[in-house]
Amino acid sequence: MSEIKLIVGLGNPGDKYADTRHNAGEWLIDRLSRRFNFTLKDEAKFFGKTARTVIDGHEIRFLVPATFMNLSGKAIGALASFYRIRPEEILLAHDELDLPPGTVKIKQGGGHGGHNGLKDTIAQLGNNKNFYRLRIGIGHPGDRNLVTSYVLGKPSPADWALIDKALDEAVVCVEILLKDGITKATNRLNGFKA
């Protein structure tokens with residue numbers, strides 16, 4: 001396994017979207033910033049907010065794209081290219097319709113499953129799908145015609161309580177991943193349910 005060098009949190013910019021399900025990846029970066037005491041700063045050349053810190057001897061970069069979701073690959077591609085970070089050294093946190101609230105999973109590779117942030121990231125990384133995904137369950141509205149309004153809506157209080165617990169567990173798992181590797185982090189998440 002390659003060492004993770006970049007952790008990305010997907011979301012849409014602006015206060016209007018801050019509390020929407022589509023910003024689950026950004027919620028994780030916010031928690032990681034509090035846990036590891038780093039501050040994101042705007043960096044125009046990377047089309048987003050970035051930070052760098054050292055965790056357990058590993059230099060890690062963080063990125064929250066300032067672009068809308070469907071263009072987030074532009075930021076990821078720019079930063080990865082500049083620092084020569086390979087796709088398999090990237091952990092991308094995003095909302096996942098196919099997992100219920102309170103669930104979080106790690107996987108490597110795969111398609112975009114209709115997620116525009118993943119779709120653009122794959123394209124901007126030269127069609128390389130080999131990055132890791134930290135999939136934060138938000139549930140599904142039950143009808144694909146309702147997906148857009150669902151991901152751009154706020155979770156119910158009950159769903160938020162489950163997502164909140166899953167985000168706390170994700171922070172612990174990022175620490176495990178950086179210290180002990182992807183397998184231990186994945187195994188822990190496989191046994192987790194909020």
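Just so it is clear, glycine is given a Cβ too, placed from its N, Cα and C backbone atoms.
Same-chain residues at least 6 positions away in sequence with a Cβ under 8 Å from that of Asn12 (site 'Discriminates between blocked and unblocked aminoacyl-tRNA') are, in sequence order, Thr20, His22, Asn23, Phe68, Met69, Leu152. As annotated by Swiss-Prot, site 'Discriminates between blocked and unblocked aminoacyl-tRNA' applies to Asn12.
A helical conformation is recorded for Asn116 (tRNA binding site) in the three-state DSSP classification. Per Swiss-Prot, the feature tRNA binding site maps to Tyr17, Phe68, Asn70, Asn116.
Residues annotated as active site, proton acceptor in Swiss-Prot, with sequence analysis given as evidence: His22. According to its DSSP assignment, His22 (active site, proton acceptor) is helical.
Annotation comment: Swiss-Prot describes Asp95 as site 'Stabilizes the basic form of H active site to accept a proton'. A simple way to gauge crowding: the CB of Asp95 (site 'Stabilizes the basic form of H active site to accept a proton') has 25 other CB atoms within 10 angstroms, across all the protein chains here.
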Rounded Cα-Cα span from Asp95 (site 'Stabilizes the basic form of H active site to accept a proton') to Asn70 (tRNA binding site), Å
13
Least Cβ-packed of the binding-site residues Asn70, Asn116 (other Cβ atoms within 10 Å) is Asn70
Quick one: Cα separation, Asp95 (site 'Stabilizes the basic form of H active site to accept a proton') versus Tyr17 (tRNA binding site), in Å?
13
